[in-house]
């Protein structure tokens, strides 16, 4: 047990400091903006401090553990702890949220509430990645819904109410399965209910029951980090309508919560069911890569076209399904890599929409001349997204490829087929991204209109883009920095599969 409650401070600080934003004197939006950014920076500094001074990289066990009784009747505890698997997403959350508050500068309507909701999401995300108790995990999972719903329905586009309602119906529907799974796992078998991850990891279930639990959790995750049949609420609608700073949080962090839960709960606590389901995960991942990339080509709306870059989450699912060291490390790397790249692409798309007031690609053209900086940034992140060597996407997808090929679980023919499908997906990605670049930035459409009021990106936007570009290139050149976080933890998870 650690003596100082570092993690509790991380979880509680944003939402409490955020709720005091309503008591600040109203002297324009500047006060609220700077207040929110200071809170985000403080939180990021504390996270970095914990990571540098209180976190041992080579220790696969849970660190900085906290355990306090919360509700006596249920024997419900406030249990937090981090390990190599959760420190990456926590740092990603801090980084992306800080930049998203900076990106939300143009929001002027009801800005107090807007920034408070962003901070509330921050708390929920950190809480989810550091919780060591199933019910606490579920509570943090639900804490996300209300802020996202309000951010969508109040600051979204034309169809914002429709997409917000659709979002909350889908995610709340998925959460019902999660809650049933959490309660049945907690109440199963023993005399007193236990929701502690460490005790549940040693629990064994009848195979049929384990498969039912696994399916329940899988449905909830499939809705959150959209896995193919259940993706329709998030991808076209939510991302198409939300304000771009909200999109950064959705694409950068929210979609990663599902993949994280898949590793954290399904792989660690339900290993038998996972080894039964893993071939299906690999197949679904391969279908997702092809399907999303080819659907993206048909989108005229540029926000929706970027939203379909969730085809890259297919690599994460394949990595999780490969049950190898390499594959799982690649999946964790892809979670972080796609977090950075997705957030950046949404930021750039939203920013250019603000400038030119057009969303449809066929109405655009020739923007590269009045806006060279936006063009440069957009091109760099498109290259990162289509897995250019030297960028983080390339390393992650390569490691997943190797993981799948070296997996002892599958026969040679299926491996070759899946690899072929993944390769086709990697060819389709450049097609939809580069055709979008061509339609937006080249051509003569705009020269017919006398638009002298195009403004290129200012210092704030350039700062946000470069801040995200640096880790993308950094991970691409030296991926060991990220891999060294999770490698011991992943070996510990996989030792389960080969011992049982």
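Placed from the backbone N, Cα and C atoms, the Cβ positions cover glycine too.
Annotated transmembrane segment per TrEMBL: 6-24 (among others), in sequence order.
Marked as transmembrane segment by TrEMBL: 31-51 (among others). Same-chain residues lying 6+ beyond the ends of the transmembrane segment (31-51) with a Cβ under 8 Å from its Cβ atoms: 6-7, 9-10, 13-14, 17-18, 21, 24-25, 64, 87, 90-91, 94-95, 97-98, 101-102, 104-105, 111-112, 115, 118-119, 122, 126.
According to TrEMBL, the transmembrane segment annotation covers 85-105 (among others).
What TrEMBL records for 112-129 (among others) is transmembrane segment. Here the transmembrane segment (112-129) has long-range neighbours at 10-15, 17-19, 21-22, 24, 32-33, 35-36, 39-40, 43, 80, 82, 86, 89-90, 93-94, 97, 100-101, 104, 136-137, 139-141, 143-144, 146-148, 150-151, 154-155, 245, 249, 253-254, 257, 260, meaning same-chain residues at least 6 beyond its ends whose C-beta is under 8 angstroms from one of its own.
Here TrEMBL flags 131-414 as domain 'NADH:quinone oxidoreductase/Mrp antiporter transmembrane'.
Annotation comment: TrEMBL describes 135-155 (among others) as transmembrane segment. Only residues 6 or more beyond the boundaries of the transmembrane segment (135-155), in the same chain, are considered here, and those with a CB under 8 A from a CB of the stretch are 74, 76-80, 107, 109-110, 113-114, 117-118, 120-121, 123-125, 127-128, 161, 163-165, 167-168, 171-172, 175, 178-179, 182, 186, 195, 220, 224, 238, 241-243, 246, 250, 254, 257, 261, 265.
Beyond its flanks by at least six residues, the transmembrane segment (205-223) meets 141, 170-171, 173-175, 177-178, 180-181, 184-185, 188-189, 229-230, 233-234, 258-259, 261-262, 265-266, 270, 272-274, 276-277 of its own chain at Cβ-Cβ distances under 8 Å. Annotation comment: TrEMBL describes 205-223 (among others) as transmembrane segment.
Same-chain neighbours of the transmembrane segment (244-263): 85-86, 89, 92-93, 96-97, 99-101, 103-104, 107, 118, 121, 125, 128-129, 137, 141, 144, 148, 151-152, 155, 217-218, 220-227, 234, 238, 303, 307, 310, 313, 316-317, 320, 328, 331-332, 335, 338-340, 342-343, 345-347, 349-351, 353-354, 493, counting only residues six or more beyond its ends whose CB sits under 8 Å from a CB of the stretch. Taken from TrEMBL, the feature transmembrane segment covers 244-263 (among others).
Sequence-distant contacts of the transmembrane segment (275-294) (same chain, at least 6 residues past either end, Cβ-Cβ under 8 Å): 207, 211, 214, 218, 227-228, 231, 235, 308-318, 320-323, 404, 409-410, 414, 418, 421-422, 424-426, 428-429, 431-432, 497. As annotated by TrEMBL, transmembrane segment applies to 275-294 (among others).
Marked as transmembrane segment by TrEMBL: 306-323 (among others). Long-range neighbours of the transmembrane segment (306-323) within the same chain, counting only residues 6 or more positions beyond its ends whose Cβ lies under 8 Å from a Cβ of the stretch, are 225-227, 231, 234-236, 239-240, 251, 255, 259, 262-263, 267, 274-275, 277-282, 284-293, 295-296, 299, 329-332, 334-335, 338, 341-342, 345-346, 349, 385, 393, 396-397, 399-400, 403-404, 407, 409-410, 418, 422, 425, 428-429, 432-433, 436, 494, 497.
According to TrEMBL, the feature transmembrane segment maps to 374-404 (among others).
Per TrEMBL, the feature transmembrane segment maps to 416-434 (among others). Sequence-distant neighbours of the transmembrane segment (416-434) (same chain, 6+ residues past either end, Cβ-Cβ under 8 Å): 282-283, 286-287, 289-290, 293-294, 296-297, 305, 308-309, 311-312, 314-315, 318, 382, 385-387, 397, 401, 404-405, 410.
Look at TrEMBL and you will find 462-479 (among others) tagged as transmembrane segment.
Non-local neighbours of the transmembrane segment (374-404) in the same chain are 282, 309, 312, 315-316, 318-319, 322, 324-331, 333-334, 336-338, 340-341, 344-345, 348, 351-352, 355, 367-368, 410, 415, 418-419, 422, 426, 429-430, 433-434, 436-437, 440-441, 456-457, 461-462, 465, 468-469, 471-477, 479, 483; each lies 6+ residues outside the stretch with a CB under 8 Å from one of its CB atoms. Within the chain carrying the transmembrane segment (85-105), a Cβ under 8 angstroms from the stretch's Cβ atoms is held by residues 10, 33, 36-37, 40-41, 43-44, 47-48, 51, 55, 114-115, 118, 121-122, 125-126, 129-130, 243-246, 248-249, 252-253, 256, 260, 263-264, 332, 335-336, 339-340, 343, 347, 350-351, 460-461, 463-464, 467-468, 471, 482, 485-486, 489-490, 493, all 6 or more beyond its ends.
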